[in-house]
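Everything below concerns the one structure shown next.
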Amino acid sequence: MANTVIIGAQWGDEGKGKIVDMLSAQSRAIVRFQGGNNAGHTIKVQGEETILHLIPSGILHADKMCLIGNGVVLDPHVFLEEVDHLAAKGVDVSAARLGISKKAHLIMPYHKSLDKAREAKRASHKIGTTGRGIGPCYEDKAARVGLRAGDLANPDLVRAKVAHALQEKNTLLRDLYKFDPLDEAAVCQELLALAPRLLPYLTEVEDHIQKIQAQGGDILFEGAQGIHLDIDHGTYPFVTSSNTVSGNASAGCGVGPSALHRVVGIVKAYTTRVGSGPFPTEQLDDTGSYLRTQGHEFGATTGRPRRCGWLDAVVLRESVRLCGMTDIALTKLDVLQNLPGLRICVAYEYEGHKLDYMPQEEGALEKVTPVYEDLPGFEEDITGCTRFDDLPETVRAYIARIEELVGVKVSMVSVGAERRQTIVR
């Protein structure tokens, strides 16, 4: 038995959905353990593209159990929209194979309103939130006033919690942010109207995981966003509102850390970032535009154009340290075709010193100068390669250099969007 954690090793959008979809074939269950519908995982099978924001990417495999853990914040509307979308495509989304932890917190309308109001008030100092209420929902969780999925079975409890929440939220919306307050009865009615459809999906996720492990089945833990968006270890304050590191797979679905055997870091062959925040290797020239165009770098959730730049080995070394990555899945390697040369950032210059690690002080990463190592580019079309030895020598050299700089083996190489366009070493 080998349970596997999948995490993004950069700032998100590394191609986790495709790798989760592929590894799901070897697993009994796939579990989301953090984040919400601010993540967008894209899977392409036989030319058909599916984008999922909440439901685990393994749902496209008919015989797999898919679970949403307690560490996820769940928008009931988005969950049901995904259920309906998948059902219309013939995917089995019955409660027999899809479950939500009763401990998962629910994103409420006032969370979304607060998210948008705060971002609007920040003006030129925006964090880059998706406005989907993720942060405010996690705030209520930490303040011990949030609604959990299991509360839906008790309408009186729902009404009491909404009434308590709106005393504060409406004051903030109306008086501080100059936004319209929300109607208590309407909020309750909207949520309780969804309860009959949601309640069958509520379950004890920990119990499912324990039973599958007892039977010798493998579990795939699916992370969202990327390591450097982690609330504690990311480029604060330009981070998400949850822990995205591999260790949170344990807390986010209720299993002991000894159940986590393998950690696969998903690494894009270049680097991208959405929204604000430091990005040492960002390219604002034709190279950045080429990567964005060739890589179709627009957010699956927001549609926003992604910032693009060269691969940063300093960032990846930090990812290995934080998450204990056992191996790497290198994605979007085909996007680099036809660039005259390739560059990898191997160190930073900062205040007269050369650093091989990320400085921790807030704002410091914005002041570093990347130190690059240049490698030859390639013109060959690699999208049809099915074995590692089929790749051009220059491509194999690029991969080997990444392994040397990071200290972790590249076990998978993605050379196209399709499930089949993946080389396993």
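Every residue number used here counts from 1 along the chain in the order it is shown.
Using the three backbone atoms N, Cα and C, a Cβ is placed for every residue, glycine included.
Model, not experiment: these values are computed from the prediction.
According to DSSP, Asp13 (active site, proton acceptor) sits in a coil region rather than a helix or strand. The annotation active site, proton acceptor is assigned in Swiss-Prot to Asp13 on the grounds of sequence analysis.
Swiss-Prot lists His41 with the feature active site, proton donor. Within 10 Å of the Cβ of His41 (active site, proton donor) there are 25 other Cβ atoms, across all protein chains.
Counting only same-chain residues six or more apart in sequence, the Cβ atoms lying under 8 angstroms from the Cβ of Arg306 (substrate binding site) belong to Asp13, Thr272, Arg273, Val274, Arg292, Glu297, Phe298, Gly299. The annotation GTP binding site is assigned in Swiss-Prot to 12-18, 40-42, Arg306, 332-334, 414-416.
According to DSSP, Gly40 (Mg(2+) binding site) sits in a coil region rather than a helix or strand. Taken from Swiss-Prot, the feature Mg(2+) binding site covers Asp13, Gly40, and the record attributes it to sequence analysis.
Around the Cβ of Thr130 (IMP binding site), 23 further Cβ atoms fall within 10 Å across all displayed protein chains. The feature IMP binding site is assigned by Swiss-Prot to Asp13, Glu14, Gly15, Lys16, Asn38, Ala39, Gly40, His41, Thr130, Arg144, Gln225, Thr240, Arg304, with sequence analysis given as support.
Residue density at Thr302 (substrate binding site): 17 other Cβ atoms are found within 10 A of its Cβ, drawing on all protein chains shown. What Swiss-Prot records for Ala300, Thr301, Thr302, Gly303, Arg304, Pro305, Arg306 is substrate binding site, and it gives sequence analysis as the kind of evidence.
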Of all the binding-site residues here, Lys18, Arg304, which one's CB has the most other CB atoms within 10 A?
Lys18
Spatially, and counting Cα to Cα, which of the recorded positions is closest to Gln225 (IMP binding site)? Options: Lys18, His41, Thr302, Gly303, Val415.
His41
Protein Cβ atoms within 10 Å of Gly12 (GTP binding site), excluding its own:
29
Which one is it: of the binding-site residues Thr42, Leu333, Val415, whose Cα lies the shortest distance from the Cα of Pro305 (substrate binding site)?
Thr42
